[in-house]
Amino acid sequence: MASPYVTFNREQWRALRASTPLTISDEELSCLQGLNENISMTEVADIYLPLSRLLNLYVGGMQELYQATHTFLGNQDGKVPFIIGIAGSVAVGKSTTARILQTLLSRWPNHPKVDLVTTDGFLYPNRVLEERGIMKRKGFPESYDLRRFINFLADVKSGLPEVKAPVYSHLVYDIVPGEWQTVRQPDILIVEGLNVLQPPKGDEPRISEVIVSDFFDYSIYVHAEEKDILEWYVERFKLLRQTAFSDPNSYFRRYASLSDEEATEVATGIWTEINGANLVQNILPTRVRAQLILNKGQDHMVQSVKLRKL
Ligand SMILES: Nc1ncnc2c1ncn2[C@@H]1O[C@H](COP(=O)(O)OP(=O)(O)O)[C@@H](O)[C@H]1O
Ligand SMILES: CC(C)(COP(=O)(O)O)[C@@H](O)C(=O)NCCC(=O)O
(Lines of atoms letter the chains of each structure in order from A and count residues from 1; the text may use other names and numbers.)
(Lines give C-alpha, C1' and ligand atoms only; values in the text may rest on other atoms or scores of the structure.)
(Ligands and ions follow the chains in the order given, each with its own letter.)
Protein backbone atom coordinates (compact mmCIF):
# COMPACT_ATOMS: atom_id res chain seq x y z
CA MET A 1 0.00 0.00 0.00
CA ALA A 2 1.34 3.47 -0.85
CA SER A 3 2.17 5.63 2.16
CA PRO A 4 -0.34 8.39 2.86
CA TYR A 5 2.59 10.61 3.94
CA VAL A 6 5.16 12.74 2.11
CA THR A 7 8.48 12.69 4.00
CA PHE A 8 10.77 15.72 4.24
CA ASN A 9 14.30 15.69 5.61
CA ARG A 10 15.46 18.76 7.57
CA GLU A 11 16.76 20.61 4.53
CA GLN A 12 13.63 20.01 2.47
CA TRP A 13 11.40 21.05 5.36
CA ARG A 14 13.46 24.14 6.15
CA ALA A 15 13.14 25.27 2.54
CA LEU A 16 9.36 25.43 2.94
CA ARG A 17 9.82 28.45 5.12
CA ALA A 18 11.35 30.41 2.24
CA SER A 19 8.27 31.42 0.32
CA THR A 20 6.90 33.52 3.17
CA PRO A 21 9.30 35.89 4.85
CA LEU A 22 9.15 35.01 8.52
CA THR A 23 11.23 36.94 10.93
CA ILE A 24 11.43 36.66 14.66
CA SER A 25 12.31 39.50 17.00
CA ASP A 26 14.91 39.30 19.79
CA GLU A 27 12.11 39.66 22.30
CA GLU A 28 10.26 36.66 20.84
CA LEU A 29 13.47 34.67 20.76
CA SER A 30 14.08 35.24 24.45
CA CYS A 31 10.46 34.39 25.17
CA LEU A 32 10.95 31.03 23.42
CA GLN A 33 14.20 30.44 25.26
CA GLY A 34 12.30 31.12 28.47
CA LEU A 35 9.92 28.26 27.66
CA ASN A 36 12.75 25.76 27.69
CA GLU A 37 16.37 26.80 28.00
CA ASN A 38 17.50 23.77 26.00
CA ILE A 39 15.66 24.75 22.81
CA SER A 40 18.02 25.46 19.98
CA MET A 41 17.07 28.53 17.98
CA THR A 42 18.17 26.78 14.78
CA GLU A 43 15.50 24.24 15.59
CA VAL A 44 12.86 26.94 15.96
CA ALA A 45 13.85 28.53 12.65
CA ASP A 46 14.23 25.30 10.66
CA ILE A 47 11.37 23.22 12.00
CA TYR A 48 8.81 25.21 13.96
CA LEU A 49 8.62 28.34 11.78
CA PRO A 50 7.73 26.35 8.63
CA LEU A 51 5.23 24.39 10.74
CA SER A 52 3.63 27.60 12.00
CA ARG A 53 3.37 28.78 8.39
CA LEU A 54 1.61 25.56 7.36
CA LEU A 55 -0.80 25.85 10.29
CA ASN A 56 -1.43 29.51 9.51
CA LEU A 57 -2.52 28.53 5.99
CA TYR A 58 -4.90 25.92 7.40
CA VAL A 59 -6.38 28.33 9.94
CA GLY A 60 -6.80 31.02 7.26
CA GLY A 61 -8.59 28.49 5.03
CA MET A 62 -10.97 27.53 7.80
CA GLN A 63 -11.69 31.12 8.74
CA GLU A 64 -12.67 31.84 5.12
CA LEU A 65 -14.99 28.84 5.07
CA TYR A 66 -16.75 30.01 8.23
CA GLN A 67 -17.01 33.50 6.79
CA ALA A 68 -18.65 32.04 3.67
CA THR A 69 -21.22 30.24 5.83
CA HIS A 70 -21.95 33.42 7.80
CA THR A 71 -22.39 35.42 4.61
CA PHE A 72 -24.70 32.77 3.20
CA LEU A 73 -26.80 32.62 6.38
CA GLY A 74 -26.65 36.39 6.88
CA ASN A 75 -25.75 36.04 10.57
CA GLN A 76 -22.86 36.91 12.82
CA ASP A 77 -22.37 33.78 14.89
CA GLY A 78 -19.56 33.62 17.47
CA LYS A 79 -16.03 32.66 16.61
CA VAL A 80 -15.21 28.96 16.18
CA PRO A 81 -11.72 28.07 17.43
CA PHE A 82 -9.38 26.05 15.22
CA ILE A 83 -8.30 23.06 17.32
CA ILE A 84 -4.85 21.45 17.02
CA GLY A 85 -4.17 18.12 18.79
CA ILE A 86 -0.60 17.21 19.81
CA ALA A 87 0.00 13.55 20.72
CA GLY A 88 3.02 11.47 21.74
CA SER A 89 4.67 9.64 24.64
CA VAL A 90 5.32 10.99 28.13
CA ALA A 91 8.62 12.99 27.95
CA VAL A 92 8.86 13.06 24.14
CA GLY A 93 8.53 16.86 24.14
CA LYS A 94 4.79 17.47 23.62
CA SER A 95 4.59 20.38 26.07
CA THR A 96 7.67 22.02 24.61
CA THR A 97 6.35 21.64 21.05
CA ALA A 98 2.94 22.95 22.12
CA ARG A 99 4.40 26.01 23.84
CA ILE A 100 6.68 26.86 20.90
CA LEU A 101 3.73 26.61 18.52
CA GLN A 102 1.52 28.65 20.84
CA THR A 103 4.11 31.46 20.84
CA LEU A 104 4.76 31.33 17.09
CA LEU A 105 1.11 31.05 16.06
CA SER A 106 0.09 34.00 18.21
CA ARG A 107 2.33 36.24 16.07
CA TRP A 108 0.08 35.91 13.03
CA PRO A 109 -2.41 38.81 12.77
CA ASN A 110 -5.40 36.65 11.78
CA HIS A 111 -5.16 34.42 14.89
CA PRO A 112 -3.48 36.24 17.77
CA LYS A 113 -5.27 34.47 20.62
CA VAL A 114 -3.87 30.96 21.05
CA ASP A 115 -4.78 28.93 24.15
CA LEU A 116 -3.23 25.69 25.34
CA VAL A 117 -4.89 22.93 27.33
CA THR A 118 -3.23 19.72 28.54
CA THR A 119 -5.31 16.58 28.84
CA ASP A 120 -4.04 15.71 32.33
CA GLY A 121 -6.85 17.95 33.66
CA PHE A 122 -9.24 15.26 32.47
CA LEU A 123 -7.59 12.46 34.47
CA TYR A 124 -9.86 11.11 37.20
CA PRO A 125 -8.86 12.39 40.66
CA ASN A 126 -6.63 10.00 42.67
CA ARG A 127 -9.63 9.15 44.89
CA VAL A 128 -11.46 7.66 41.89
CA LEU A 129 -8.31 5.97 40.51
CA GLU A 130 -7.73 4.40 43.94
CA GLU A 131 -11.36 3.21 44.21
CA ARG A 132 -11.00 1.56 40.82
CA GLY A 133 -7.55 0.12 41.62
CA ILE A 134 -5.91 1.93 38.70
CA MET A 135 -3.47 4.33 40.44
CA LYS A 136 -0.64 2.71 38.49
CA ARG A 137 -2.47 3.26 35.22
CA LYS A 138 -2.25 7.07 35.08
CA GLY A 139 -2.16 8.09 31.43
CA PHE A 140 -3.79 4.83 30.21
CA PRO A 141 -7.15 5.29 28.44
CA GLU A 142 -9.19 4.15 31.47
CA SER A 143 -7.61 6.84 33.70
CA TYR A 144 -9.34 9.71 31.83
CA ASP A 145 -12.86 11.02 32.19
CA LEU A 146 -13.41 10.82 28.45
CA ARG A 147 -17.01 12.00 28.56
CA ARG A 148 -15.95 15.17 30.35
CA PHE A 149 -13.14 15.75 27.87
CA ILE A 150 -15.45 15.27 24.86
CA ASN A 151 -18.02 17.65 26.39
CA PHE A 152 -15.30 20.23 26.91
CA LEU A 153 -14.21 20.02 23.26
CA ALA A 154 -17.81 20.11 22.01
CA ASP A 155 -18.46 23.26 24.07
CA VAL A 156 -15.32 24.97 22.77
CA LYS A 157 -16.12 24.02 19.18
CA SER A 158 -19.68 25.23 19.47
CA GLY A 159 -18.33 28.71 20.21
CA LEU A 160 -19.44 29.08 23.86
CA PRO A 161 -18.04 32.31 25.33
CA GLU A 162 -16.46 30.53 28.33
CA VAL A 163 -15.55 26.86 28.80
CA LYS A 164 -13.81 25.52 31.90
CA ALA A 165 -11.26 22.69 32.06
CA PRO A 166 -10.20 21.04 35.35
CA VAL A 167 -6.56 21.49 36.38
CA TYR A 168 -4.02 18.76 37.25
CA SER A 169 -0.99 19.43 39.44
CA HIS A 170 2.19 17.44 38.80
CA LEU A 171 3.38 18.64 42.20
CA VAL A 172 0.58 17.08 44.23
CA TYR A 173 0.06 14.39 41.55
CA ASP A 174 -3.69 14.96 41.55
CA ILE A 175 -6.52 17.10 40.19
CA VAL A 176 -6.72 20.38 42.11
CA PRO A 177 -10.23 20.65 43.56
CA GLY A 178 -12.01 23.90 42.66
CA GLU A 179 -9.31 25.09 40.24
CA TRP A 180 -10.18 25.67 36.57
CA GLN A 181 -8.62 26.87 33.38
CA THR A 182 -11.11 29.01 31.46
CA VAL A 183 -11.02 29.00 27.67
CA ARG A 184 -12.63 32.14 26.20
CA GLN A 185 -13.14 31.82 22.45
CA PRO A 186 -9.51 31.70 21.33
CA ASP A 187 -8.68 31.83 17.62
CA ILE A 188 -6.73 28.60 18.09
CA LEU A 189 -6.85 26.01 20.87
CA ILE A 190 -3.91 23.59 21.18
CA VAL A 191 -4.83 20.39 23.01
CA GLU A 192 -1.80 18.40 24.13
CA GLY A 193 -1.74 14.93 25.69
CA LEU A 194 -1.01 11.24 25.44
CA ASN A 195 -4.48 10.21 24.52
CA VAL A 196 -5.67 12.75 21.96
CA LEU A 197 -5.63 10.42 18.95
CA GLN A 198 -7.11 7.44 20.73
CA PRO A 199 -9.82 5.39 18.98
CA PRO A 200 -13.17 4.51 20.61
CA LYS A 201 -12.99 2.14 23.58
CA GLY A 202 -13.49 -1.58 23.00
CA ASP A 203 -12.80 -3.74 19.98
CA GLU A 204 -15.96 -2.87 18.10
CA PRO A 205 -16.18 0.88 17.49
CA ARG A 206 -19.79 2.04 17.67
CA ILE A 207 -20.89 4.08 14.67
CA SER A 208 -22.55 6.76 16.79
CA GLU A 209 -19.52 7.25 19.04
CA VAL A 210 -17.81 10.63 18.95
CA ILE A 211 -14.05 10.53 19.56
CA VAL A 212 -11.65 13.25 20.67
CA SER A 213 -9.96 13.69 17.29
CA ASP A 214 -13.33 14.41 15.63
CA PHE A 215 -12.92 17.90 17.09
CA PHE A 216 -9.46 18.50 15.67
CA ASP A 217 -8.81 20.62 12.62
CA TYR A 218 -5.21 19.44 12.63
CA SER A 219 -3.21 16.79 14.49
CA ILE A 220 0.50 16.35 15.19
CA TYR A 221 2.32 13.32 16.62
CA VAL A 222 5.73 13.88 18.24
CA HIS A 223 7.81 10.74 17.75
CA ALA A 224 11.23 9.50 18.94
CA GLU A 225 12.87 6.13 19.61
CA GLU A 226 11.79 4.73 22.97
CA LYS A 227 15.40 4.46 24.19
CA ASP A 228 15.85 8.22 23.62
CA ILE A 229 12.55 9.09 25.31
CA LEU A 230 13.52 6.97 28.32
CA GLU A 231 16.81 8.89 28.55
CA TRP A 232 14.92 12.24 28.51
CA TYR A 233 12.48 10.89 31.10
CA VAL A 234 15.30 9.82 33.45
CA GLU A 235 17.11 13.14 32.89
CA ARG A 236 13.98 15.14 33.73
CA PHE A 237 13.30 12.93 36.78
CA LYS A 238 16.83 13.61 38.09
CA LEU A 239 16.42 17.36 37.62
CA LEU A 240 13.10 17.29 39.47
CA ARG A 241 14.97 16.22 42.64
CA GLN A 242 16.29 19.78 43.01
CA THR A 243 13.02 21.44 42.04
CA ALA A 244 9.53 19.93 42.33
CA PHE A 245 10.45 16.88 44.44
CA SER A 246 12.05 19.13 47.09
CA ASP A 247 8.87 21.14 47.54
CA PRO A 248 7.17 20.29 50.86
CA ASN A 249 3.86 19.84 48.98
CA SER A 250 5.30 17.35 46.53
CA TYR A 251 3.70 13.92 46.33
CA PHE A 252 7.21 12.63 45.52
CA ARG A 253 9.15 14.23 48.42
CA ARG A 254 10.75 10.84 49.11
CA TYR A 255 12.49 11.01 45.72
CA ALA A 256 14.29 14.31 46.46
CA SER A 257 17.12 12.62 48.37
CA LEU A 258 17.81 9.80 45.89
CA SER A 259 21.35 9.46 44.55
CA ASP A 260 21.91 9.59 40.78
CA GLU A 261 22.02 5.83 40.64
CA GLU A 262 18.87 5.35 42.74
CA ALA A 263 17.01 8.03 40.73
CA THR A 264 17.90 6.28 37.47
CA GLU A 265 16.65 3.00 38.88
CA VAL A 266 13.35 4.43 40.19
CA ALA A 267 12.65 6.42 36.99
CA THR A 268 13.44 3.41 34.78
CA GLY A 269 11.10 1.30 36.93
CA ILE A 270 8.21 3.81 36.53
CA TRP A 271 8.95 3.96 32.83
CA THR A 272 8.86 0.21 32.36
CA GLU A 273 5.78 -0.35 34.49
CA ILE A 274 3.68 2.64 33.36
CA ASN A 275 4.83 5.09 30.68
CA GLY A 276 6.74 2.70 28.40
CA ALA A 277 3.94 0.12 28.52
CA ASN A 278 1.40 2.84 27.73
CA LEU A 279 3.53 4.06 24.81
CA VAL A 280 3.68 0.62 23.22
CA GLN A 281 0.09 -0.44 23.94
CA ASN A 282 -1.88 2.77 23.47
CA ILE A 283 0.08 5.75 22.17
CA LEU A 284 2.32 4.56 19.33
CA PRO A 285 -0.58 2.76 17.60
CA THR A 286 -2.30 6.16 17.20
CA ARG A 287 0.59 7.70 15.24
CA VAL A 288 -0.92 6.61 11.90
CA ARG A 289 -3.88 8.92 12.48
CA ALA A 290 -1.82 12.12 12.78
CA GLN A 291 -1.80 14.60 9.92
CA LEU A 292 1.82 15.44 10.66
CA ILE A 293 4.59 13.48 12.39
CA LEU A 294 7.74 15.10 13.83
CA ASN A 295 10.56 12.52 14.09
CA LYS A 296 13.05 13.58 16.76
CA GLY A 297 16.63 12.32 17.08
CA GLN A 298 18.62 11.66 20.24
CA ASP A 299 19.60 15.35 20.53
CA HIS A 300 15.91 16.47 20.34
CA MET A 301 16.48 17.82 16.82
CA VAL A 302 13.76 16.90 14.31
CA GLN A 303 15.32 14.66 11.66
CA SER A 304 12.33 14.34 9.38
CA VAL A 305 8.74 15.50 9.03
CA LYS A 306 5.95 13.40 7.59
CA LEU A 307 2.96 15.23 6.17
CA ARG A 308 -0.27 13.52 5.25
CA LYS A 309 -1.12 14.08 1.61
CA LEU A 310 -4.86 13.86 2.23
N1 LIG B 1 13.11 20.76 21.42
C2 LIG B 1 13.73 20.43 22.56
N3 LIG B 1 15.04 20.71 22.73
C4 LIG B 1 15.68 20.37 23.88
N5 LIG B 1 15.09 19.74 24.93
C6 LIG B 1 13.79 19.43 24.82
C7 LIG B 1 13.03 19.75 23.63
N8 LIG B 1 11.76 19.30 23.80
C9 LIG B 1 11.73 18.73 25.03
N10 LIG B 1 12.92 18.79 25.64
C11 LIG B 1 13.25 18.25 26.99
O12 LIG B 1 12.75 16.88 27.06
C13 LIG B 1 12.02 16.66 28.27
C14 LIG B 1 10.58 16.29 27.96
O15 LIG B 1 9.94 17.40 27.35
P16 LIG B 1 8.42 17.83 27.66
O17 LIG B 1 8.08 18.91 26.68
O18 LIG B 1 8.25 18.12 29.12
O19 LIG B 1 7.70 16.45 27.30
P20 LIG B 1 6.19 15.93 27.45
O21 LIG B 1 5.29 17.11 27.52
O22 LIG B 1 5.97 15.13 26.20
O23 LIG B 1 6.17 15.07 28.70
C24 LIG B 1 12.17 17.92 29.09
O25 LIG B 1 13.23 17.73 30.00
C26 LIG B 1 12.49 19.00 28.07
O27 LIG B 1 13.28 20.02 28.63
C1 LIG C 1 0.04 13.08 33.88
C2 LIG C 1 0.48 12.11 32.79
C3 LIG C 1 -0.47 10.91 32.75
C4 LIG C 1 0.45 12.83 31.41
O5 LIG C 1 -0.84 13.28 31.10
P6 LIG C 1 -1.35 14.08 29.75
O7 LIG C 1 -1.25 15.58 29.99
O8 LIG C 1 -0.50 13.69 28.58
O9 LIG C 1 -2.78 13.67 29.60
C10 LIG C 1 1.94 11.63 33.01
O11 LIG C 1 2.83 12.69 33.02
C12 LIG C 1 2.10 10.83 34.33
O13 LIG C 1 2.14 11.38 35.40
N14 LIG C 1 2.20 9.49 34.23
C15 LIG C 1 2.20 8.62 35.37
C16 LIG C 1 3.56 8.00 35.67
C17 LIG C 1 4.64 9.03 36.01
O18 LIG C 1 4.64 9.54 37.14
O19 LIG C 1 5.46 9.33 35.13
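Quick reminder: no glycine exception, Cβ is built from N, Cα and C everywhere.
The annotation domain 'Phosphoribulokinase/uridine kinase' is assigned in TrEMBL to 83-228. Marked as ATP binding site by TrEMBL: GLY88, SER89, VAL90, ALA91, VAL92, GLY93, LYS94, SER95.
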Among the binding-site residues VAL90, ALA91, VAL92, point out the residue whose Cβ has the most other Cβ atoms within 10 Å, with all shown protein chains included in the count. VAL92
Please compare the binding-site residues SER89, SER95 by how many other CB atoms fall within 10 Å of each one's CB, and tell me which has the fewest. SER95
Radius 10 Å, atoms counted are CB only; among the binding-site residues GLY88, GLY93, which position scores highest? GLY88
Do you know which of the binding-site residues GLY88, VAL90, VAL92, GLY93, LYS94, SER95 end up with C-beta under 6 Å from ligand 2? VAL90
CB within-chain contacts under 8 A for LYS94 (ATP binding site), separation at least 6: ILE86, ALA87, GLY88, GLU192, GLY193, VAL222
Surrounding the recorded ATP site, with Cβ no more than 8 Å from the Cβ centroid of GLY88, SER89, VAL90, ALA91, VAL92, GLY93, LYS94, SER95 and those residues left out, we find LEU194, VAL222, ILE229
Please list the DSSP helix, strand and coil residue counts for the domain 'Phosphoribulokinase/uridine kinase' (83-228). 47 helix, 41 strand, 58 coil
